[in-house]
């Protein structure tokens, strides 16, 4: 059996939900369907999740939220009407929303979270009703009833080991299970949401728990591309890649599948397929444990901006046992995670995502470096981007770094950082943000032009 | 005034000491002379320091040490005789050695250290006597009397701030000061030796304290070469380099001047000159705070073997705040300092000097990584070498990395690690130990062939 997850644009409207139904009908092994909240129908549209955030804010303000509640109900109502469903399902949804608005507001974050999660939850109910209306045997299953037990970490919950035990039996249900993405419940029954990409995570957990033969992730692209199609003209499609490759690509800007979502599938060896709801006959991109290397060692090139560098130097630094550890402790005290730590002999840089920094944090960090570590110099620079070459075939491919650095030089960009030496699957370059597009184009040309793929 | 330090081979024999005297006589600004213990006169010779270690061992064994003591006295006696000195100085030295043999042996390490330090100390007395005998106004100055106060760290003492205050007045002494290298005394009067290259450190401290115009470091080569002359045929001589360049080169195998020795001179902006006792008219290599860049961005290429890599991987590692810090803590608990920490997305390597590892330490480290950090994989690999390109002109030289990686590829070597991104003065490559020589030759060809220097 397969677990099929449909993202926000795949369930944004009646016509999209009809495509979903057709996809599910077409293959009887599609037994578990995980759905997101209705996404945007057109580029200026408002996602249901955003309508729900407005509703939560209005409810918290104490000045009445009837208008905002009605906006959400109306959205579902228009979908239901177009799907030919009666009023019953809309009453269920409206009832549910009114119950949520009346929810305990002491913890404002949890209040907002339970309101947001209604987007997936009510959409699952609606879609289950639609499936039934067209003669598909289907039922909405609530994560609480199904036993999706998660850790008590609001906004970043993780499934507990017993969740996998509990969810296993979904496999044996009669008919199609329609399951809302994005949330679970603690042992104490408190609703908790997952991190960004939460519905992908739910699908991955269900696929792992039920030992599905395949986890299908339906979205709005035919496949994962080897490079950002907004920068590179018609980049090649990736037909088959490993978990590690997907993980490394999604780290640096490939947003097709949220990286954390891969973990349950990866740990339980369930292959993943990225497919297009709007073009289901397209083969999609398979994500598997192992693959044959193609002739090109590189499978994809990702880029991501928004990095900063904390630079420290101190004469004879590398003689001082504990220096690096104490520096990382300072960052940890500020709650900052770091990406890379390139080092010279007497200097060390720490590369972090810039959004974690504030002028006050930067001041405190620099101050502690001067006072506690007695550094000779410390300063922070912004506006760096990372370019990541990814491919299982890269390990031990002699000359690959030479080709990559030559391409970056042809792009007339300076290499601010290279991190090679740990991962066997990726090679990370730090460049100036403003050089990103020209570097990506030149690297794509180097590794994916016909000559490079067929020749060499 | 200048501080001139003469290394072991420069003071190994009467004929060498005569060269030293001629050098000192030639330039009246050479007011402070720092001397090592007599080194080897020919390749199979035994250094006085090694004779002294044998003496110390014999004394500690309790079975009498007369033979070993006589070997040391004889060596000085043969020098004294050839220099035409009377017996007085040899009586002084023998008396001194007998006093040291009778020294408290409770702390065996300190006993050995004070015995070793006699090599420099007695040679300074002998050389001062010789200078006087040929009509130079000169006096032996003892580090204790001069106030060279150091930290209580046996074998790796550091000069305390008051040492610089105390030593300042050496500048105003009449005549030439002959000062033994390698040791100082704690506040409590206990003798402590410096780290490896200790006489260089003494010279550097004296130059800094007396605000010398120049610290001359006399050795047995005309200059520092751009690459190891045992591997590259007639490498170019470096005429002028910065402290940072020298520091980075000496980190990775350039043994002309011990890196720690540069610190006092560096901190007090005293330029350093490496010169040849056997060819004093050669210009030597100047080490200064700043220099003009020549046309070649690279000034030297150093290589050093004996590195190991501790590799760890864990899915979603970079989300875990504190992961790297906890890993470094494990190394710190084992007393291991590290050199570089290249990282991928889910993996991290720590590169350390192999001599710090033992099979037991490796087992403990891997065990703690598995248990405390719950890593997916941890393993340790050995036999890596570092190749370091050094040059102040490298910063922002576009295409330099491309040239270097292309050269390594031409050498048919695999790049195991690249560390670029912190130091502005160096670029570090990790390769297999066995590839070191061919990589060095190819890189030298790339950056120092006539075409590269004159053209580009």
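Placed from the backbone N, Cα and C atoms, the Cβ positions cover glycine too.
What TrEMBL lists as ATP binding site is B:5, B:6, B:7, B:8, B:219, B:220. Under the three-state DSSP scheme, residue B:7 (ATP binding site) falls in the coil class. Cβ contacts within 10 Å of residue B:7 (ATP binding site), excluding its own Cβ and spanning all protein chains shown: 24.
Listed in sequence order, B:35, B:36, B:37, B:180, B:181, B:182, B:183, B:199 are the same-chain residues six or more apart from residue B:120 (substrate binding site) with CB atoms under 8 A from its CB. DSSP classifies residue B:120 (substrate binding site) as helix under the three-state reduction. The substrate binding site annotation in TrEMBL covers B:49, B:120.
The domain 'ACT' annotation in TrEMBL covers B:389-456.
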Cα-Cα distance maximum in Å, computed over every pair in B:5, B:6, B:7, B:8, B:219, B:220 that the record assigns to ATP: 12
Residue B:8 (ATP binding site) to residue B:49 (substrate binding site) - Cα separation in whole Å: 10
Lowest local Cβ density (other Cβ within 10 Å) among binding-site residues: B:49, B:219: B:49
Residues close to ATP site centre defined by B:5, B:6, B:7, B:8, B:219, B:220, Cβ within 8 Å: B:9, B:10, B:11, B:36, B:39, B:199, B:217, B:218, B:277
Alpha-carbon distance [residue B:49 (substrate binding site); residue B:220 (ATP binding site)] in Å: 18
Overall pLDDT for the domain 'ACT' (B:389-456), taken as the rounded mean: 83
Rounded Cα-Cα span from residue B:49 (substrate binding site) to residue B:6 (ATP binding site), Å: 15
Counts by DSSP class (helix H/G/I, strand E/B, coil) across the domain 'ACT' (B:389-456): 35 helix, 13 strand, 20 coil
Cβ neighbour count (within 10 Å, all chains shown) around residue B:8 (ATP binding site): 23
